[in-house]
Amino acid sequence: MRPSAVRLLNILVPIKRTVDYAVKIRVNPDQKGIDLNVKHSMNPFDEIAVEEAVRLREKLKDAVKSIKVVTIGPPKSSETLRTALAMGADSGIHVEIPDSAPAPEPLGIAKALRAVIEREREKGGVDLVIMGKQAIDDDAGQTGQMLAGLMDWSQATFASKVALDVEKNEANVTREIDGGLEELRCRLPLVVTTDLRLNEPRYASLPNIMKAKKKPIEKLTPKDLSVDLAPRIETLKVTEPPKRVGGVKVANVDELIAKLKEAGITAVKS
Amino acid sequence: MLRARCVIPHRILLRPYATSPGPHALVFLEHREGALDSGSLSAITAARRLGGEVTGIVIGGPDQVPDVVEKAKKLKGLTKLLHSTSPAYSSQVPEIVSPLFERLLSDGTPFTHVVSAHSSSAKSLLPRVAAKLDVPAISDITSLEHDGSSNATTFTRPIYAGNAIATVRAPSSIGVKIFTVRSTAFSAAPSEDGSQVQVEALDPVELADAPTQHIRTDLTKSDRPDLAVAGRIVSGGRALKNAETFKATLEPLADVLGAAIGASRAAVDAGYADNSLQVGQTGKVVAPELYIALGISGAIQHLAGMKDSKLIVAINKDPDAPIFQVADAGLVADLYEAVPELVEKLKQQ
């Protein structure tokens, strides 16, 4: 038996499978969406979230009882869960939606996460949710804040530093804000969303990838969670952005200055 | 039984309201050190496009609100100005500010839209408010159109780091449409002396036991124009080697042009420049008159933040760098030779 004075933390990390960040996407000619037959990987901000959870355990040792990753997505999202397990998470939950289903909205995802957290209640609950600040496909950046709102929990968005004080049941979080940094003290349970600066995610080693194959993944459906993931905002069309007519090269600095002058740009008088 | 009896008369009472309310936007006016954020001024312009009333709201501490209200009531386009003051509001922690918005926007609210700049504080606050009201939110819109007859609003917004544009429609079933505005896509609402709007104070919603406490804010001090609103930007990438060269190379050029300094993610990650200077999908989105990219290859994440600039100039050693595909004037050269020469020749003009 562990001494009961020590609080044990359960961390939940929601992750998303997205088109790989390096892929140059193509808009489908029917203007219904983009070509998804391309390389996918874990949303980069979510990798940072998984890494942070694993680092918290490395720092706090036994105070972190579990790291659970959850994804809500098509069948192939289970690969993304395996990646997170290989990075050091203990177990996964896959809320599976059919490939043909429209992409859920952040509010739907937040409600599904709320339902997952409620299911976890009997297994010790969730004290800390760490997730990416935005997914690089829809670029919405809403899910964490929505989840915190639904749960009535504290939230720390765009985190670049997280210091947990398990005894005091709180966390000091440094956030990246417009023009600088801000520090907050948040009571647990807490939702943290990660900024790029939080950490440098590790690569999963081969032995860990092998081990991850044996880690449990629980499969659920939106129905199991009694959530409706149908989008409420209609996507009318997806188009290519207007093309820039750039690509003009100049031979030297003088020509460059001539170009600037042509555009009405000259030095300012100081 | 009792419940049914209560609901029916209530509905009848509300009906005249619900049939033709006309759009009424609530614009979250942000401020810092007594000045209104320019992003909020763009949000007013966006709100006016809805074609109805536009109410501004200023929230802050007792030492902040009076000054800001004085400035905000001169803003052209506002029909009304609300303000709420509490010591607890001085740092705008979402958990503390959100209840005020929930009260303003709950059943029977006159507001049909909530508008703000796509700033770090609004990005933190508005999705929380939206979830409390059980409505979806729309981020970073670049255009909008409201159809009064169907009470639906259509927006465009960039997705996939600006490599695709989604046109989305918030139907009438979404009672309050909450969205943030890409500031560079809308001009700033001007101030006008003499145009006095009706000002009304709102009682703050005091939270007895807030779960989050603000400790401190560290702002990066700079004499240069603010990156988000600068007309000219000189930006540096990984090729700048280190923080000293970054400064020594970019600053003279920024000085001579009166420009703000920006950076690519590579330069920020390598520690050459501060985080707040990052331009791109995960940093700031800018659209200045002139954007000079020095030693920046032009990854899609960086282009997402600057490709709407009017004139893009690139100086790079690598003739195949993707930045040259968007540059209006690209110079293949060693930037350590080209930039000083450029500075000298600009000075001589």
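One is the number of the first residue shown, and numbering goes on along the chain from there.
Any Cβ shown, glycine's included, is placed from N, Cα and C.
Automated prediction, rather than curation, is the source of TrEMBL annotations.
Quick caveat, the model's predicted, so the values are computed rather than measured.
Quick look at what TrEMBL annotates:
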BINDING   B:Arg238, B:264-265, B:278-282, B:295-302, B:Asn316  FAD binding site
DOMAIN    B:25-214  domain 'Electron transfer flavoprotein alpha/beta-subunit N-terminal'
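Location within the structure of each feature annotated in TrEMBL.
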residue	record	DSSP (3 states)
B:Arg238	FAD binding site	helix
B:Gln278	FAD binding site	strand
B:Ile296	FAD binding site	coil
B:His302	FAD binding site	helix
Intermolecular Cβ proximity, binding-site residues B:Arg238, B:Gln281, B:Ile296 versus chain A, under 8 Å:
B:Gln281
Other than its own, how many Cβ atoms are within 10 Å of the Cβ belonging to B:His302 (FAD binding site)?
28
Where among the binding-site residues B:Ile296, B:Ala299 do you find the Cβ with the fewest other Cβ atoms within 10 Å?
B:Ala299
Could you list the residues of the same chain, at least six apart in sequence, whose Cβ is under 8 A from the Cβ of B:Gln278 (FAD binding site)?
B:Gly262, B:Ala263, B:Ser264, B:Arg265, B:Val268, B:Lys284, B:Gly305
For B:Arg238 (FAD binding site), list the number of other Cβ atoms lying within 10 Å of its Cβ atom.
17
Cβ neighbours within the same chain of B:Gln281 (FAD binding site) - under 8 Å, at least six residues apart:
B:Ala161, B:Gly162, B:Ile300, B:Gln301, B:His302, B:Ala304, B:Gly305
Tell me, roughly as an integer, the mean pLDDT over the domain 'Electron transfer flavoprotein alpha/beta-subunit N-terminal' (B:25-214).
95
